[in-house]
Each structure stands twice: as structure tokens, then as C-alpha cells.
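Feature annotations, reproduced from Swiss-Prot:
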type	residues	note
BINDING	THR50, CYS51, ASN52, ARG53, SER110, GLU115, THR116, GLN117, GLN121	substrate binding site
ACT_SITE	CYS51	active site, nucleophile
SITE	HIS100	site 'Important for activity'
BINDING	GLY190, ALA191, GLY192, GLU193, MET194, ALA195	NADP(+) binding site
Amino acid sequence: MNYMSVSFTHKNTDIIVREKLSFANDVKKREILKLICSNKAIKECLVLSTCNRVEVLAYIDDFNYTSDYVIKAISKLSGVDFDELKERADIYEDDGAIHHLFSVASSLDSLVVGETQIVGQLKDAYNFAKNERKSGVMLDLAINSALKCAAVIRSKTDISKNPISVASVAVCMAREKIGDLGGTTAVVVGAGEMAELACKHLITHKAKVIIINRNIDHAKKLAESLGENASIAEFSNLGEFINKYALIFSATGANKPIITDLLAKPQNFKRYFFDIAVPRDIDITCDDLSEVYAVDDLEEIVRKNLLLREEQAQIAYSIVGRETTKFYKDLKTLSSTPIIKALRNSAKKVAETELKKAIKRGYLRHSDIDEARKLIHQVFKAFLHTPTVNLKNLDENAQNDINAIAEIFGIEEDFDKFCENSLENKNEI
């Protein structure tokens, strides 16, 4: 049994392909999970889909052709050619998959290193897979350990100090383009997490925001949470507002562009459109008075951010390395601990049964029972010492040997019970 990760990110896949790979809604997520898990070699699986990445994390029986199967599943549902996806995909196995997962959770693999949005996105992907019964104890272990690793990095480094998300990078670029945002008004299209982040960063820089969303109630709720510097407008008036103001940020979950040349008419003032959605929201003709920036266009500011955080990132990567090693050490202990407990429990049961027989037959005086029980305990403890040491030193891939020991001693039931308890205790956050 092994961990495997198939990864498509801003590093290996451009935005045009990424938006085709997007599994943004529950129907698509459910469909890809069902298709991937129909392969019997794949025991557990989750899919993380954001504007900058699509990640498949799986716990599998066998590596042979499994990654190809996952890529074929993604190809089938996205319509992107298999060979193109295979060439682009980053595939990680065993400790490489865990190291990658920990790096993703800790925002070291993000477009903007140190942003904390990924933690919530990973939790959502995990909870969705769990609700769909596609995630079990092994992914529970991996995800919970990844979240703990991310927490350690946030507490021990400044990697997330003044956290920067893609939305805040867009606002930074807006400031570079027009200067002080104080007193300006920006149009924000959408009312989801990314739109909310854009609004918050704009308001932090003293701008006012007009929120436009198809669902007016969602827009109203967001505006109320932001205070007096936020207002709303009807989605039917979108064209009016994008032709009136210089700053437009769009972050909806639409399947196709909602701002096109039909809406965005030429104006006599400079406008800046920030498309922070995947798939893209904006498809207009650029000219001297209108500039459009998509997610991939934010990389220049991202590179500046990387330089500022490079030292902290190196510290964080060393923590990821240590936590990965610790994870596999704990996993090895988890493999051996249940069989050791089952053996000891079996020996204790046999000893207690024989002790009761001896008492019943009058072989022992009542005054000697406690001493006899202590003696028996010392005997089976001494007898099991060497097997215990050897079990703890078994290779981490020796699960078949452990299962055989349980079968030979007839302790499968106790072994399964202790396995379940061990995993449940380990998964407590």
C-alpha cells in the first residue's frame, strides 16, 4: 500500500488548460472521485481543485499504471488529450507524495507562497471526499498530519506574516497602476471567497467597493459583513458599472466569460480589469485605455514576494522534511503497535484463564493469587520482549508479515480492533 499524488499546477500547466481541468462544483467533484475510485487498486482518494491547481491524492495497492489511470480519468472528464496531460503532470510516490502534500498544505507550492487560503481549500476537499466515502483512515492520517505541519510552519516562521493571496496580489498591482486607492471605487464581481478577499484588501487600502453578483442575497450578505465602504448593485446593471469605474475585479464561478466586448464598451478613461477566476471571467479586446490581468499575469509580483520570503521558505521546507520523516516513522509504529498489543492481550487472556483454573482446582491459596498473577505477567512479558523489539524494527512495508503473525497466533480479531483504535487515536487533531 502506498500514497500517490498526481499534480497539475501553475508550474506545469497554463491557465487555458487549468480552466478545463477545473472541478469547481460538487457534481464534477463527485464524478471525478467516482471514476477514479472505480479502479480497485485505488483504495482512497481526494481531489483538490483551485484556480491554481488540480491535485489527486490517493492511497493505492500498486503503482503500476495507477497514475496513468488517474490521468485518463481526468482526460475523459476534461476533454484534454491524455498525452498532453501525462507530459504536464507531476507524479509523486510514497514519501514524495507526502512531502508534496505537506508543502501544498503549508503554502510552499502556492502561486503566492505563504497565503493561507490553501488550508481551507484542502480541508474542504478532504471533507468532501470523506462525505462521499472515498477517504478512509490512511488519507485521514495524511491530511491531519499535513494540517499539523502547516500549523507548525505558521507558528515557527514568518512565511504567512501579512499573508498574501492571489486577490491581494491583484490589489497590489492595482496600487502600482494607479497609486493610492484612497477615495477610489472598485467594482467586484462575485461574492465567494476570492471576491471577499479582494473586497477586504481594497477596503484596507481605503477604497470603496461595489459588489455585483447573480445572487443578490449573497452580495448583500457580503456587503453587510464589510461595513459602510461596501455596497451592492444588480447583476443586470453589470455593464453600466464596468463602464463607469476604472478598477474591476472579477471572481465568479461561471463556466464561461461574463465580461465581454458586448458589455465592456470603449471609454475615454483608463480601466484595469483583474480576472482572478478560473475559468476566466473576462474576455475583452485590450486597447490603450483598457488592460486585463489574469491569474497567470500576477507572477511578476509573486516573484517579488518569493524573494522576500525565500529565507522563511527554506526554514519551512526543512520543517516539511522533518515532518515527512516523522510521519513515516509514526506510520511504521502504527503498523507494529496493534500486533504487539494483540499478542500481549492474547497472552494475558491465556494467563488469566489458567490462573482461574488453578484457583478453582485448589492449586493456589488465595493469599498467593496476587503474587502468582505478577509472576505470570513477568513470564509472558519476558517471553514477548524479543518479538516486540523485532516487530518494532520490521521494514515499513512488512504489513503482509504482520498479518501473517496475527493469523498464525489466531489473534486477527484483537489485531483488527487495535488497528482501528490506533488509527482513530492518531487522527485526533
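Positions of Cβ are set from backbone N, Cα and C atoms, glycine also.
All features noted in Swiss-Prot, drawn onto the structure.
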residue : record                        : Cβ contacts under 8 Å, 6 or more apart
CYS51   : active site, nucleophile      : ARG18, SER22, VAL166, MET194, ILE276, ALA277, VAL278, VAL295
ASN52   : substrate binding site        : THR9, HIS10, ARG18, SER110, LEU111, VAL166, VAL278, VAL295
HIS100  : site 'Important for activity' : SER5, SER7, ASP90, TYR92, ASP109
GLN121  : substrate binding site        : LEU48, THR50
ALA191  : NADP(+) binding site          : ILE211, ASN213, ASN215, HIS218, ALA219, LYS221, LEU222
GLY192  : NADP(+) binding site          : ALA251, THR252, GLY253
GLU193  : NADP(+) binding site          : GLN117, GLY120
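Summary: among the binding-site residues (SER110, THR116), the fewest other C-beta atoms within 10 A of the C-beta are counted at THR116. Listed in sequence order, ASN213, SER250, ALA251, THR252, GLY253, ALA277, ASP281 are the same-chain residues six or more apart from GLY190 (NADP(+) binding site) with CB atoms under 8 A from its CB. Cα spacing between THR116 (substrate binding site) and ALA195 (NADP(+) binding site): 15 Å, rounded to the nearest whole number. Summarising the environment of MET194 (NADP(+) binding site), the number of other Cβ atoms within 10 Å of its Cβ, over all protein chains shown, is 26.
DSSP assigns ASN52 (substrate binding site) to coil in the three-state reduction, outside any helix or strand. All chains included, 25 other C-beta atoms sit within 10 angstroms of the C-beta of THR50 (substrate binding site). Cβ neighbours of ALA195 (NADP(+) binding site) (same chain, under 8 Å, six or more residues apart in sequence): ALA167, VAL188, VAL189, ILE211, ASN213, LEU222, PHE249, ALA251, THR252.
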